[in-house]
Amino acid sequence: MWTFIHKWGSPKWFYAMSARVQPWCWAVSLLLIATGTVWGLAFAPTEVNQGQGDSFRIIYVHVPAAFLAQSVFVSMAAASLVFMVWKIKVADMAATVMAPFGAVMTFVALFSGAVWGVPTWGTWWMWDARLTSMLILLFLFLGVIALRGAFASRDSGSKAASVLAMVGVINIPIIKYSVDWWFTLHQPATFTLTSRPAMPTEMWLPLLVMVLGFYGFFIALTLMRTRNEILRREMNKRWVIDLIREAR
Amino acid sequence: MLDTPQGGLWVAFKATLKRDVTLMFRRRGELLNPLVFFALVVTLFPIGISPDPAVLSLIAPGLLWVAALLAALLSLDSLFRTDYDDGSLEQLLLTPQPLAVLGLAKVAAHWLFTGLPLAIVAPLLGIMLALPAGSYAVLSLSLAIGSASLSLIGAIGAALTVGIARGGVLLSLLILPLYIPVLIFGVGAVQAAINGDGIAAHLAMLGALLAASLLLAPWAIAASLRISING
């Protein structure tokens, strides 16, 4: 068991093994996303209860992106913890490549939320509790990325970014609940969507497919970018030089 | 063996605190800077928005809290900077006592000379912003408790960026998102006092945030200092 885990910690082993897993991840995730997109956009019934019409279909991008935004931060912090405790470099490489992806997903969630806000709330931006926490999450991602880039030595940057990611992940629930509290105190009267009617099965099933597809995409992309990061960092190692020579 | 030079946790804590307090007194001019900054930011708002007391009293709680928060943030960059420059931070790392406790002593000194004065001065600026009566004591109290959390959380960022030449802007990018819960409950307490609601819940949350950061922040500060110095 432990030797199995330790093997994955070696960049060379990780590079070789992920090559086998990666195509499957891509195939499954792209298939799921394609299915979910067609199903959600063309076949799922139109929303009638709140009169949102077809605009509700933004949910098929918005919700998976929002899920991922938070999951990516947690995964990044978990990878950082593994790196800090066991000094496994692959974990740090994974954390490195996760941060920009998480920031993009947070931005996608915010942007699709803003676009969705126009037909439903009549405005691009509301200081809604969820939008506000998402915005703060985006700043946390940007902070981690900026801190990593600010150090001259990559090792110090990795460690500093790891500490910040772990501090951030402890703070995320605190921020989330305090923003919820803040929002209930300042709830604007214009926006009352508190009693959310249950979504019919035909609507949430494609959503589930999309969420799974997005997670698969996250795994596939992280594998791919971690592999690139391995090559970049181990550029001068014997096995990488051999690998490049073979490819030529 | 009572007066061996090494001594325990408490001795090291007191010594670090005393050293920092002494250093602060030697640079008395700098002590005023956060307070002047606080007053200046507060002055900008009536000019920028409206001198009408009705408008000002509406935004006063949040404004005072945000201005105090920014003043505390501004002073953070120098928390470890001078010690880093003259090498005494490395000596701190070499001491046999845990770095977390020594870091906590430095944070305590920082709070004594920024957070606490800000909390004391805030009611004065509250008068200038037509802060409604009955909320002045709560403003001071919430700032006193809240700024202690701000110093603790901010010290993590200061420790992370101390090795970076121009870490000031980066420091605010890292730390401001983490300040939001403190800001919410701090302003909430003052707002509740103005509305005549119970303030206990807000103050309890501020206390809880302080307890949590007292427990966790010193370890993060110590780890960050080690990274900044040893790489």
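Cβ from N, Cα, C; glycine included.
Predicted, not measured: the structure shown is a model, and the values here were computed from it.
Straight from TrEMBL, the features:
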type: TRANSMEM; residues: B:31-49; note: transmembrane segment
type: TRANSMEM; residues: B:55-76; note: transmembrane segment
type: TRANSMEM; residues: B:111-131; note: transmembrane segment
type: TRANSMEM; residues: B:137-162; note: transmembrane segment
type: TRANSMEM; residues: B:169-194; note: transmembrane segment
type: TRANSMEM; residues: B:200-225; note: transmembrane segment
Per Cβ pairs under 8 Å, the stretch of B:55-76, B:111-131, B:169-194 packing most closely against the transmembrane segment (B:31-49):
B:55-76
Sort out the residues at least 6 away from either end of the transmembrane segment (B:111-131), same chain, that have Cβ-Cβ distances under 8 Å to it, and list them.
21, 24, 31, 34-35, 38-39, 42, 45-46, 53-54, 56-57, 59-61, 63-64, 67-68, 71-72, 75, 137, 139-141, 143-144, 147-148, 150-151, 194
What parts of the chain pack near the transmembrane segment (B:169-194), using Cβ distances under 8 Å and only residues at least 6 beyond its ends?
61-62, 64-66, 69, 73, 76-77, 131-132, 134-135, 138-139, 141-143, 146, 149-150, 153-154, 156-158, 160-161, 201-203, 205-206, 209
